[in-house]
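Asks: So TrEMBL lists the following for this protein:
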DOMAIN    9-239  domain 'PTS EIIC type-1'
TRANSMEM  21-42  transmembrane segment
TRANSMEM  62-89  transmembrane segment
TRANSMEM  96-116  transmembrane segment
TRANSMEM  148-171  transmembrane segment
TRANSMEM  183-208  transmembrane segment
Amino acid sequence: MTTKTTPKITLWEFFQQLGKTFMLPVALLSFCGIMLGIGSSLSSHDVITLLPVLGNPLLQAIFTWMSKVGSFAFSFLPVMFCIAIPLGLARENKGVAAFAGFVGYAVMNLAVNFWLTAKGILPTTDAAVLKANNVQNILGIPSIDTGIILGIPSIDTILGAVIAGIIVWMLHERFHTIRLPDALAFFGGTRFVPIVSAVVMGLVGLVIPLVWPVFAMGISGLGHIINSAGDFSLTRRPL
């Protein structure tokens with residue numbers, strides 16, 4: 001079993017490239033935001049009362065359609081990032097990297113869901129219990145604090161998708177040229193990338209529930225400190 005080494009990049013170059021990968025989902029997010037804003041505002045009761053002509057059924061159908069289409073980017077934002085990051089960072093076989101990004105993110109949330117179920121946190125409909133454990137639906141799977149995407153209760157934040165995208169990119173760069181023994185040759189090369197991504201992200205998903213609550217509390221505590229700083233708060237200083 002052999003792999004082809006890839007040129008190393010500096011940390012600064014990595015963050016530059018990572019920032020560029022955000023442009024693809026951000027551009028779509030901006031467009032969808034405009035669609036959602038126009039559709040929602042022009043279909044609101046107050047606007048129709050002010051401009052009765054907008055109450056036309058055909059116009060309202062168009063505005064509702066715009067709202068539905070515009071909501072896509074906000075509903076699937078984590079998925080967009082987990083696909084766009086490996087797509088933008090990969091030097092070769094970008095399509096494989098993007099596909100593996102989605103696989104890795106979905107498997108990670110399934111693993112988190114497994115942990116929540118094993119700990120007895122799921123299944124439950126108690127809102128207090130779900131909130132205490134940062135449980136949301138992601139890709140249709142109950143998981144921990146990364147948003148409600150395709151329905152998986154998981155962990156509700158874009159950070160989870162970014163982490164998944166970066167890890168999958170690293171796996172892609174390491175294994176997309178791998179050569180397996182003849183008996184397993186079918187699974188070699190680019191086919192191996194989504195396979196190893198599923199395994200690795202499945203293990204990462206078991207670690208996240210142990211680490212994320214502490215990390216989330218740290219962010220919450222930092223926000224509380226900044227908010228309670230009064231006039232000395234960085235957010236209240238004049239620029």
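Including glycine, each Cβ sits where the backbone N, Cα and C put it.
TrEMBL labels come from automatic prediction, so no person has curated them.
Predicted, not measured: the structure shown is a model, and the values here were computed from it.
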Asks: Mind checking which residues reach the transmembrane segment (62-89)? Cβ under 8 Å, same chain, six or more beyond either end.
Replies: 17-18, 20-22, 24-25, 28-29, 31-40, 42-43, 54, 95, 97-98, 100-102, 104-105, 138-139, 146-150, 157-158, 160-162, 164-166, 168-169, 172
Asks: Would you mind giving the whole-number mean pLDDT across the domain 'PTS EIIC type-1' (9-239)?
Replies: 83
